[in-house]
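Annotated features in TrEMBL:
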- 386-452: coiled coil (COILED)
- 260-373: domain 'Cyclic nucleotide-binding' (DOMAIN)
- 454-482: region 'Disordered' (REGION)
- 12-36: transmembrane segment (TRANSMEM)
- 57-77: transmembrane segment (TRANSMEM)
- 115-139: transmembrane segment (TRANSMEM)
- 160-176: transmembrane segment (TRANSMEM)
- 188-208: transmembrane segment (TRANSMEM)
Amino acid sequence: WREWAIDPAEQFYYVWLQVMTVPIVYNWVIIILGFLDQGILIKDLTRLRKRYLRSRYFMWDLVSLLPTDFLYFAFGFETPLVRINRLVRIPRLNEALDRMETRTSYPNTFRITKLMIYIFVLIHWNACLYFALSNYIGFGSDKWVYPNITDPRFASMRRQYFYCFWFSAQIFTTVGDTPLPSREEEYLFMIADLLIAVLVFASIVGNVGNVITSLRDRDNVFFPNHEIMRENEILQQLPLHMRTEIAVSVHLPTLSKVTIFQSCEKSLLEELVLKLTPQVFSPGEYVCRKGDVGHEMYIIKEGKLAVVADDGVTEFAVLSAGNFFGEISILNIKNKSGNRRTANIKSIGHSDLFSLSKEDLTDVLSEFPAAKRHLEEKGRQILIQMGMLEERAEVEEVEAEKIETKIERLERNLELLRTKLARLMVELESNNRKMRTRVEQLELQVAVLEIHLPPDEEGGEGVSGREDGVGGEAEWEREEAE
């Protein structure tokens, strides 16, 4: 017994719960079960003992096991109220019924049967209260209470139970054939029963409606559309403002815990929370291995991660919800590790993490240059404290920044020269068109003069000489223009 722990998912525990539902087994000692921690079954007896003693079930189980049955000798065997402490085991009954519902092949039939059992128990309790109230008021004192038990027809216990059960059933079904109350106690009892009847009726209608809906949508019940459960896809269907508000309210406190993002402006964090990607890791699954190039950082939402040695067994540290790692790898800062992972990290149980990639951070920081310089400075300070910052690399980075600044200045000057050259080419083309237009006008004037001059020799010679002069001038201007 000291070395035995039970898995709650095994068949034995299921049978055990069914045995507990048997009414005659009322003085049962509960054994300590193994519990799940991050999806891993814990069998260590020390941890089991501490967890059980600190849980609320221990006190309830202890109260239910008190030997109140010995009070029968003091109050008589007709006072079952002394065993009322056994009712604190009702949660175990609910657990047994829930497990039966998940394992049965006819869950809808089981739900209807369970509902009918609940209604029967409720009517039974109400019948007992009615009989007790009749005893308090006086049997046969009026038409509403139970008839006088001195009458042989109503003296037997079987008749008493059947009559009270029928009376209680009539009240809960609101048939209306019950006698009218005449005392204040009777009115209060009827008012309470009618209010309970309304709730019971609504419960019955709701449960039956759910069963009918389940029968109609059986395929949807057994084959649900899990695609709509993806967080990112759901958020993408929302407006940008609403998506931002939801992401900020859910993830901003977690992101603010990261060292490099502390004291950053809120607008930057609001942009980053939209880039967080949820990831789930199974027990024993590695999140990252030593030597891998880091392309993202991780923030633990739920679960536990272990920093282990190369053998995968030796644990150096345990990271829990709220911890983060890999934040330096998403900043473009040269260090001795070359932005490679320095440890093996694997999930102990089922873990929920958020990841932020280097590409997403770069896209966001392109709009926040001051924040970019601030984050890089913080990253350098962290690397200096860890002794992983390369000073030569830092100098080279500064020199590279200077060269990049010079290149940018040269590119700007080259762009200005290109603009001036384009403007000169446009002006040259415009002057060329004007010159051609001028030459055409001169040629037209020469042609007009040749038509109107007289054909005498001197004049012809003069005109010819003048034409030669004008034509020569026009030819010279054309050549000059070309």
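The backbone N, Cα and C atoms fix where each Cβ goes, and this holds for glycine too.
No curator has checked TrEMBL annotations; they are predicted automatically.
Among the listed stretches 57-77, 115-139, 188-208, the one sharing the most Cβ pairs under 8 Å with the transmembrane segment (160-176) is 115-139.
For the transmembrane segment (115-139), the list of distant contacts is 145-149, 160-161, 164-165, 167-169, 171-172, 183, 185-186, 189, 193, 196, 200, 203-204, 207: same-chain residues at least six beyond its ends, Cβ to Cβ under 8 Å.
Broken down by DSSP into helix, strand and coil, the domain 'Cyclic nucleotide-binding' (260-373) contains 26 helix, 40 strand, 48 coil.
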